[in-house]
């Protein structure tokens with residue numbers, strides 16, 4: 001690869017996170033000749049013994065258009081399959097971006113002897129379960145390292161969401177960085193609309209805007225049909241098509257000393273805003 005061109009690995013906790021947060025940036029990176037891959041980590045189905053908790057039922061009912069008391073284990077696997085299909089359709093709008101989906105289950109599906117770690121929304125946006133920290137996170141880190149034995153990638157991890165899956169991956173990104181991997185972070189949309197603090201020393205935020213890609217980003221987001229109600233409320237498709245709801249801004253966190261990353265990312269937007 002040309003020394004001026006780089007390979008980027010974007011880490012998406014769930015099927016929609018990178019498209020919502022980074023789609024325009026991905027497209028401009030590809031346009032400039034860089035290589036981009038998206039690795040969706042929590043794309044697996046729950047185990048057959050899993051008994052859905054309150055939050056799993058709530059989300060599945062909302063996504064599938066059912067009542068909560070109708071939700072059974074099979075519905076969860078149906079939902080995961082549908083979300084995977086939506087993700088594949090979304091990335092057809094971004095030709096050239098490589099995509100890989102891992103089989104680690106979403107937080108709301110993780111369990112011990114059939115019982116969920118995270119039963120409520122408060123649990124889901126709280127502190128990661130000790131078993132996730134001690135057992136699950138090291139497995140994720142080991143897999144991520146196996147993807148880059150030649151250390152050719154610049155890794156782009158989620159930064160600011162309080163969702164336990166995002167928190168685990170933020171920690172994984174910091175650990176990879178401590179081992180010498182080049183790492184930067186992105187603020188997850190729509191979470192950054194309420195909270196946008198990356199509590200690490202030596203990092204600065206870069207805001208990118210590139211309106212030329214907005215129509216394609218909008219079309220890609222619209223493919224995530226099961227998620228639109230939960231993300232954007234009633235008449236979400238109309239709001240998106242009318243130019244509302246989505247943000248043109250895409251936010252990244254880059255180490256102050258990473259001159260290569262700053263050079264590449266400042267070139268991606270007509271007027272990048274450093275804060």
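Placement of Cβ uses the backbone N, Cα and C atoms for every residue, glycine included.
Less than 8 angstroms from the CB of residue 166 (Zn(2+) binding site) sit 13, 17, 158, 160, 188, 191, each of them six or more residues away in the same chain. According to Swiss-Prot, the feature Zn(2+) binding site maps to 14, 17, 166, an assignment based on similarity to another entry.
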8 Å Cβ shell about 14, 17, 166 centroid, Zn(2+) site members excluded:
12, 13, 16, 42, 158, 161, 163, 165, 169, 188
Counting other Cβ atoms within 10 Å, pick out the least crowded of the binding-site residues 14, 17.
14
